[in-house]
Structure formats: C-alpha cells, structure tokens
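Contents: one structure, followed by commentary.
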Amino acid sequence: MTDSNNWYIEHFERTGSAIGYRITGKLDEVQSPFQKIEIFQTTDWGNLMTIDGAIMLTSKDNFFYHEMISHPVLFTHAAPKRVVIIGGGDCGTLREVLKHTGVESVTQCDIDEQVTVMARKHFPELCDSNDDARAELLFDDGVAYMANCPAGSVDVVIVDSTDPVGPGEGLFNKAFYESCFKALKDDGILVQQSESPLMQLELINEMRAEMGKAGFGSFKTLPFPQPCYPTGWWSVTMARKGDSSFDFRQADSAAKTFNTLYYTAALHTGVLVTPPFVQAALK
C-alpha cells in the first residue's frame, strides 16, 4: 500500500514486520486473469514490482535471488543440459541459467504472461536472454506442465515461485514434487525458493517433508540476503534423489567466464555451512 508521504509499505502479519520504499510515482498497472501487477519508481531502488500488493523485486537487489536460485544448483549438477523453470516470469532466473554455455535448452513455464510483459517494459535488463535460441517461454499452468513432462527428461528443475498462496499454492505439495521427481533424471536436482530461514523454518521443514514423501532423499537449504523480502534473509532448497552429495564443481565455478554480482565459488563454499540454529530446527 502507498501512504500520503509517498512510501510504498508492505506489512507482514506473519513476521510482525514491514518493508517500505519511498516512491516517486506509479509507472504501470495491469490486472491479469490471475493477479494485479503494479510497477512503481523509487528514489533509491530503481523500479519496484508488486503482485497483489506483495513486493516481488526491485532493480537494485534482485540479483541476490536470481543468482542464488540458479548458479548453486547448476554448479552442483555434474553436467546440466536440460533445465525447466516453473514460474520465473520476470525472466531474471532465465537470464542467469543461460549464462551457462553447457545448458542446451531451458523451458520456462509461468502461468501469467503479463508478468513477463511488465518485466520487458520496466526491467529490460532481466529479459536480455528471452530471445536466446535455447530458451522456450510458455505461459501455462506449471503444475500441469510438470505432470505431463516425460519421465527422466530433465537435469534441473527450478521452481521460481511466489509464496505458497494464490497461483503459487500448488507448487508446494507432494503431488507437484512427485511430478518433478518423475521428470528428473537419476542425477537430477530440484531447487525451489523456500522463504526466510529466520522466521519460516516450519515452512522449510514442511517443504522438505513433502519432497521426501515424493521420493527425494537428500536436501540442502542455502540462505542468502534479499533486502526486499521479509526479514531481509531468504533461502532456496535443493533436493536430490537418494543419498546424494551437494558438493559442487568448484573448479568450474571458480573459472566461470560470465559476470555475477554476488555468487562466487568461495561464497558457494561458505553457504553450504548451515547456521547452527537452522541446523537444529531442520528435520
């Protein structure tokens, strides 16, 4: 919501907190069949996208999220070639994935085309790779897409979803994870945004439990800063089949030829160390 002093403020009842940005005006607004998308201009954080009133991203800090949901999982897999992104309509994750030259194809399936339309207009830097020949952009139900995905056809599934409410609700349960498990090859990896490790460890445990019921046997939750989200600290959770390691291709990561603003091989090594309070709470 905006107040009379030109601040956009989002209140988080579940964490008893709020985040605010000083804005200079609203740039755009669209009501899609699924949700209301708004774009604001801020004084210090570039453009701000909200969906149904919830802050999704800013120009200033989205790189934390997009890099951490993409590069750790891709350097953990031995040789990722076929990638599926569920959600991700702002296309920042797609851009990061396509920095990996070994990736041969990426299918992005987001239910709401208007998110991508708005990203192209107001966050064009995130859409640099939309026309890459390796990219396929679909606007459809991600749950149905994964249910119909051929068995053993995918190396990495990235679930770049909103919170587990509204259109994103069906992406956090056993049935969806079973579809991901089936679509992944034996050495495949699932990664999903998993909310704040400071305030939502219960949700992370619920996610891991549902993934386990679907057949996944190994999990790793990676925390990272994300200033525009509740608590300013976010996470992604990786899941693998069987008793698998989350060691990564450290030499390849260190020798990467593409630019990142946050992710490095050294940082990847550090983020694998789970903070004691998180480790104590995870089941």
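Cβ coordinates come from backbone N, Cα and C, glycine included.
Owing to the predicted nature of the structure, the values given are computational and were not obtained by experimental measurement.
Straight from Swiss-Prot, the features:
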type	residues	note
DOMAIN	5-241	domain 'PABS'
BINDING	Q35, D110, D141, G142, P167	S-methyl-5'-thioadenosine binding site
BINDING	H66, D90, D160, S161, T162, D163	spermidine binding site
ACT_SITE	D160	active site, proton acceptor
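Features as recorded by Swiss-Prot, highlighted on the structure.
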residue: Q35; record: S-methyl-5'-thioadenosine binding site; Cβ neighbours (10 Å): 19
residue: H66; record: spermidine binding site; Cβ neighbours (10 Å): 25
residue: D90; record: spermidine binding site; Cβ neighbours (10 Å): 25
residue: D110; record: S-methyl-5'-thioadenosine binding site; Cβ neighbours (10 Å): 27
residue: D141; record: S-methyl-5'-thioadenosine binding site; Cβ neighbours (10 Å): 15
residue: G142; record: S-methyl-5'-thioadenosine binding site; Cβ neighbours (10 Å): 27
residue: D160; record: spermidine binding site; Cβ neighbours (10 Å): 27
residue: S161; record: spermidine binding site; Cβ neighbours (10 Å): 20
residue: T162; record: spermidine binding site; Cβ neighbours (10 Å): 20
Confidence summary (mean pLDDT) of the domain 'PABS' (5-241): 95
Rounded inter-Cα distance in Å - D160 (spermidine binding site), D110 (S-methyl-5'-thioadenosine binding site): 9
Reduced DSSP assignment, H66 (spermidine binding site): helix
By Cα-Cα distance, the member of binding-site residues Q35, D110, D141, G142 nearest H66 (spermidine binding site): D110
Cα-Cα distance linking D110 (S-methyl-5'-thioadenosine binding site) and T162 (spermidine binding site), given in Å to the nearest integer: 11
S161 (spermidine binding site) versus D110 (S-methyl-5'-thioadenosine binding site) - Cα distance in angstrom: 9
Rounded to the nearest Å - Cα separation of D141 (S-methyl-5'-thioadenosine binding site) and D90 (spermidine binding site): 16
